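Asks: Please read through the structure below; I'll follow up with questions.
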């Protein structure tokens, strides 16, 4: 009977030590395991734009009951880059080397803002700018296709996300040329996102 008690005690101690050791290893490996447990994010695109577009359409059409055959999309992947039609202003701004959507800042005079105030004071104006290509969703691809087929009119909906402020600075105060103080609400952006 004494042997069983000793064996049970040794087993209990060994399992406790093993449990503590596993927890410590898990905490030490947490740096390496952290990204695997983090929410999924889309990796930055490194493929050729034509191949990426083909992959997007393939993902869009996968499983759709009235899906177009994927071989209809193959001419897009085989297209030789050449002279294209003139790009629109949004496409020119979001050229391939453009920075991603983010907060930018510029020091400007209040009168340059065009809000009707005459002042020589300068303010730090924060604004949102950048490309939102990584934020394109299946919705955007589907809407773009419907617009191409003229099922949705152009002015009704946008088929791509825009870099916009999601939060604003509380207020900005300044003195005009007549020595009066003015306070403007939500003049500068505080946070930006692709919406």
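Including glycine, each Cβ sits where the backbone N, Cα and C put it.
What Swiss-Prot records for this protein is below:
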{"type": "SIGNAL", "residues": "1-19", "note": "signal peptide"}
{"type": "DISULFID", "residues": "101-163", "note": "disulfide bond"}
{"type": "DISULFID", "residues": "128-192", "note": "disulfide bond"}
{"type": "DISULFID", "residues": "132-194", "note": "disulfide bond"}
{"type": "BINDING", "residues": "147, 156, 158", "note": "heparan sulfate group binding site"}
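For the listed features, I'd like the structural context: burial, neighbours, distances.
Replies: Around residue 101 (disulfide bond), taking its Cβ as the centre, 22 other Cβ atoms fall within 10 Å, counting all chains. Under the three-state DSSP scheme, residue 101 (disulfide bond) falls in the coil class.
Residue 192 (disulfide bond) falls within a strand segment according to DSSP. Other C-beta atoms found within 10 angstroms of the C-beta of residue 192 (disulfide bond) number 22, with every protein chain shown included.
Counting every protein chain shown, the number of other Cβ atoms lying within 10 Å of the Cβ of residue 132 (disulfide bond) is 20.
For the recorded site, residue 147 (heparan sulfate group binding site), the DSSP three-state label reads helix.
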Asks: To see if you understand the setup: which same-chain residues, six or more apart in sequence, place their Cβ under 8 Å from that of residue 128 (disulfide bond)?
Replies: 101, 102, 103, 104, 163, 164, 165, 189, 192
Asks: Run through the Cβ atoms and count how many others sit within 10 Å of the one on residue 163 (disulfide bond).
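Replies: Total other Cβ atoms inside 10 Å, all chains included: 23.
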Asks: What number of additional C-beta atoms lies within 10 angstroms of the C-beta atom of residue 194 (disulfide bond)?
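Replies: Summing over all protein chains shown, residue 194 (disulfide bond) has 20 other Cβ atoms within 10 Å.
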